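Novice: From Swiss-Prot, here are the annotated features:
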- HIS360: active site, proton acceptor (ACT_SITE)
- 8-11, LYS22, GLN73, 78-79, 100-102, GLY137, GLU151, ASN166, ASN224, ARG330, LYS348, TYR363, ASN374: UDP-N-acetyl-alpha-D-glucosamine binding site (BINDING)
- ASP102, ASN224: Mg(2+) binding site (BINDING)
- ALA377, ASN383, TYR384, SER402, ALA420, ARG437: acetyl-CoA binding site (BINDING)
- 1-226: region 'Pyrophosphorylase' (REGION)
- 227-247: region 'Linker' (REGION)
- 248-453: region 'N-acetyltransferase' (REGION)
Amino acid sequence: MKFSAVILAAGKGTRMYSNMPKVLHTLAGKPMAKHVIDTCTGLGAQNIHLVYGHGGDQMQQTLAEEPVNWVLQAEQLGTGHAVDQASPKFEDDEKVLVLYGDVPLISAETIENLLDAQPTGGIALLTVMLDNPMGYGRIIRKNGPVVAIVEQKEATEEQKLIKECNTGVLVATGGDLKRWLAGLNNENAQGEYYLTDVIAAAHDEGRAVEAVHPVNAIEVEGVNDRAQLARLERAFQSMQAQKLLEQGVMLRDPARFDLRGELQCGMDCEIDANVVIEGKVSLGDNVVIGAGCVLKDCEIDDNTVVRPYSVIEGATVGEECTVGPFTRLRPGAEMRNDSHVGNFVEVKNACIGEGSKANHLTYLGDAEIGQRTNIGAGTITCNYDGANKFKTVIGNDVFVGSDSQLVAPVTIADGATIGAGTTLTKDVAEGELVITRVKERKITGWQRPVKQK
């Protein structure tokens, strides 16, 4: 369906009490405006015109990669004025969809319904029934059809009783919309050019106005302050959780789950409370994610258990692995099948081979570890000399004793043993035992220091 979209995003957002433009505040880890842009892109919008004003430099920096035409509204003179700034870009015969950068949950299904409902030469208008319509423009009907919209400040006491409200979202043909916008005036309580006045202009020309309701009322709720943003966050997360439950993912507490990206799950996955998913995450079959974990841009294969409070970012984890609790896998970390990392272990840009283990208090950076190797508690790969990074290579069936420092670049061949407390600076041959401790001394009669009085 051929259409273009105008997204109004010029408002300052005073009630957010922030130096950041309102539409850049995030919902589910993504700027509100980007939610709307992504929905339009997914529907195949030919053009997306983003009308901006306050914080323009910040807007353009944050959304630099988005496929939008930037339209400046230098003075905020109302919604009609905002849309009119983009009107020179409208094609006369295309459908033009008007959306809002601070209404992030509008769904593709609702937009499709609205586009389909537009009468020839007329307007399709998204309206919603509200028990408490305070602050919203009211829909005025005459013997059924919509004939006008009256803003809250312009409404009579009788009109204020109307529960059908304007969402501001509409579809009109480009040529008609340009003509109606050109005829707007600002003779109202706000001294602004209201987009809503195009409804009366269309009616005066005998054009039909078709009202459409959203699939869910929450879709058309806007954000003016942080409390409203928090409400939409929870509503969005609830919808995400419901979809995952319907797909067979066991969320132990759907109310305490946050999806801030994309999640693909195999069969019989289980996710405990307070887990946060960011970026693109893939879970295989029978994966268990413990409470309080954060997963970002990672892949976790079948039958792996991630114990509570682990952080995995930019990493790949094989089958039958165990991670955590309190493990951090940083970008470039790779765990091969049946490997294990435990509490307070950090892995960065390192590969842990099949069947290998680092169960306690360890840092593995810029390292390659073979199969069936055991890394003792307190082991550190010393990969950085203050200027450059160096690699540690550890072979198969190696045993590294506790509290060892492996000063890279260094290679430990298959079957070698590193004694506890070793500071290793030279390569180790296959099967060798290395111990670098000083000779043990015993001092009899030694007295501990005492505090001076």
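Using the three backbone atoms N, Cα and C, a Cβ is placed for every residue, glycine included.
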Novice: Could you check which of these binding-site residues, LEU8, ARG330, ASN383, ALA420, sit within 10 Å of HIS360 (active site, proton acceptor), going Cα to Cα?
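Specialist: So the list reads none.
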Novice: When secondary structure is assigned with DSSP, how many helix, strand and coil residues does the region 'Linker' (227-247) contain?
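Specialist: Helix (H, G, I), strand (E, B), coil: 20 helix, 0 strand, 1 coil.
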Novice: What residue among the binding-site residues LEU8, ALA377, ALA420 has the most other CB atoms lying within 10 A of its CB?
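Specialist: The residue with the densest Cβ neighbourhood is LEU8.
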Novice: Which one is it: of the binding-site residues ASN224, ALA420, ARG437, whose Cα lies the shortest distance from the Cα of ASN374 (UDP-N-acetyl-alpha-D-glucosamine binding site)?
Specialist: ALA420
Novice: Using a 10 Å radius around its CB, how many other CB atoms surround GLY78 (UDP-N-acetyl-alpha-D-glucosamine binding site)?
Specialist: 21
Novice: 10 Å Cβ neighbour count around GLY11 (UDP-N-acetyl-alpha-D-glucosamine binding site)?
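Specialist: Summing over all protein chains shown, GLY11 (UDP-N-acetyl-alpha-D-glucosamine binding site) has 23 other Cβ atoms within 10 Å.
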Novice: If you measure from the Cα of ARG437 (acetyl-CoA binding site), which of the binding-site residues GLY78, GLY101, GLU151 is the nearest?
Specialist: GLY101
Novice: Between the Cα atoms of GLU151 (UDP-N-acetyl-alpha-D-glucosamine binding site) and ASP102 (Mg(2+) binding site), what distance do you get, rounded to the nearest Å?
Specialist: 19
Novice: Which has the fewest other Cβ atoms within 10 Å: ARG330, HIS360, ARG437, the recorded positions listed?
Specialist: ARG437
Novice: Could you list the residues of the same chain, at least six apart in sequence, whose Cβ is under 8 A from the Cβ of SER402 (acetyl-CoA binding site)?
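Specialist: The answer is GLY376, ALA377, GLY378, THR379, ALA420, GLY421.
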Novice: Over all pairs in ALA377, ASN383, TYR384, SER402, ALA420, ARG437, the listed acetyl-CoA binding residues, work out the largest Cα-Cα distance in Å.
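Specialist: Pairwise Cα check on ALA377, ASN383, TYR384, SER402, ALA420, ARG437 gives a maximum of 23 Å.
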